Amino acid sequence: MSFFKRLKDKFSGPRGEDIEKELSSEEVSDDPSKQMDEEQHTSQHELEEDKPKKKPRKLSEADFDEDGLISIEDFEEIEAQKIGAKFKAGLEKSRENFQEQLNNLIARYRKVDEEFFEALEEMLITADVGFNTVMQLTEELRAEAQRRNIQETEDLREVIVEKIVEIYHQEDDKSEAMNLEDGRLNVILMVGVNGVGKTTTIGKLAYRYKMEGKKVMLAAGDTFRAGAIEQLKVWGERVGVEVISQSEGSDPAAVMYDAINAAKNKQVDILICDTAGRLQNKSNLMQELEKVKRVIGRAVPDAPHEALLCLDATTGQNALSQARTFKEVTNVSGIVLTKLDGTAKGGIVLAIRNELKIPVKYVGLGEKLDDLQPFNPESYVYGLFADMIEQNEEIPDELAESPSDNGDASHEPK
Ligand SMILES: Nc1nc2c(ncn2[C@@H]2O[C@H](COP(=O)(O)OP(=O)(O)OP(=O)(O)O)[C@@H](O)[C@H]2O)c(=O)[nH]1
Ligand SMILES: [Mg+2]
């Protein structure tokens, strides 16, 4: 089965069309910070005008058997297609950009030659993919085109998308999975510069874990910014989880200490700690972060189990430089890349993964509660190239004029 066909079956398929039809166009903002005093959110928090928000499909009666149960296969199928629809909606800007540029390239350079590869490199670098990653990708594409004797750029379309997934997987085996275990207090620390989406992400994560049946607690460790504690409390109320806080200006390490004690007493599964936005070049703030981590580590062995660095995808190369500095001073176990819905340069995901060697664990695809999705390279490329993937019609074997290996795009993915 071809790569495009496999992605189409998984993320779109027959149910995908239903889900899309039922996606409503009414705008819903679930972000409680929007309800707060305008002054508490500076202009860096302001985003571009949002696209209409879409609702995932609800299960219909037909999905249930006579006992009112749904099969695991049906459930998984619907879940995969919901994820596909989320990534498709969240990556709309990037997809328009990527697909249009790729179509233009293929129309302009019909033959696979050096000129085409150079133009492709330029396109990918402009989409924030990152220089080294682009070079590696096009190098592999050159080799693959030669190996399979691909002459027409049109026949390289699917190979390009497939290589993006491959390049994501190689390098190391660092996984996107969160280091969370049942039967212990898991501590997640959220760090990053101002306005990247730390607090919002904490709200969305709390919602996700609560829906999974976990007991969640939040620690209001941003004691610095006016209104930050209140913002986290609003999230806590909305999601229905307890928030441990002290007064503004108090020592964040003391808040963490309190929160850990409360979490232990109440047998919490997951404690998520907010921190103040800190500029990476302010060494005192960075030291404060280390103190917070020390306190957490002393109270719970091996904690924090995840130190997630929040990066704003709309800041492009600047996000990469933030990550490099944070990585130097503190141990970052994963990245949350927010506001992917707000950029047309979604290639930044690849740059982060390949140039920083830190796994992207979650991506923010919008402002609604369930718009924070676990990152997965396949859902990501589906979101980036969905129209191309859905339009792809696999040519039946008997009709495909493919003597041995002349540009046969229907090889199994590795
Ligand atoms: N469109 C979109 N907006 C997001 C996303 N994540 C966060 N935001 C918005 O980004 C803005 C800033 O979010 P916060 O969570 O307050 O950021 P923060 O990092 O906690 O900011 P400080 O506390 O000031 O350091 C809010 O308006 C959020 O709604 C996302 O994935 N997509
Ligand atoms: Mg915050």
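The backbone N, Cα and C atoms fix where each Cβ goes, and this holds for glycine too.
Annotated GTP binding site per TrEMBL: 192-199, 274-278, 338-341, in sequence order. Less than 8 angstroms from the CB of Lys198 (GTP binding site) sit Met190, Val191, Gly192, Asp222, Asp274, Thr275, Gly277, Cys310, each of them six or more residues away in the same chain.
TrEMBL lists 88-154 with the feature coiled coil.
The feature compositional bias 'Basic and acidic residues' is assigned by TrEMBL to 9-24 (among others).
TrEMBL lists 31-52 (among others) with the feature compositional bias 'Basic and acidic residues'.
Residues or ranges marked as domain 'SRP54-type proteins GTP-binding' in TrEMBL: 359-372.
The region 'Disordered' annotation in TrEMBL covers 1-62 (among others).
TrEMBL lists 393-414 (among others) with the feature region 'Disordered'.
A C-beta separation below 8 Å, combined with a sequence spacing of at least six in one chain, links Leu340 (GTP binding site) to Gly90, Leu91, Ser94, Ala313, Gly346, Val349, Val363, Gly364, Leu365.
Checking the binding-site residues Gly192, Gly195, Lys198, Thr275, Arg278, Leu340 against ligand 2, the ones with a C-beta less than 6 Å from an atom of that molecule are Lys198.
Within the domain 'SRP54-type proteins GTP-binding' (359-372), the DSSP-based counts of helix, strand and coil residues read 3 helix, 6 strand, 5 coil. Fewest other C-beta atoms within 10 angstroms, among the binding-site residues Gly192, Gly195, are seen around Gly195.
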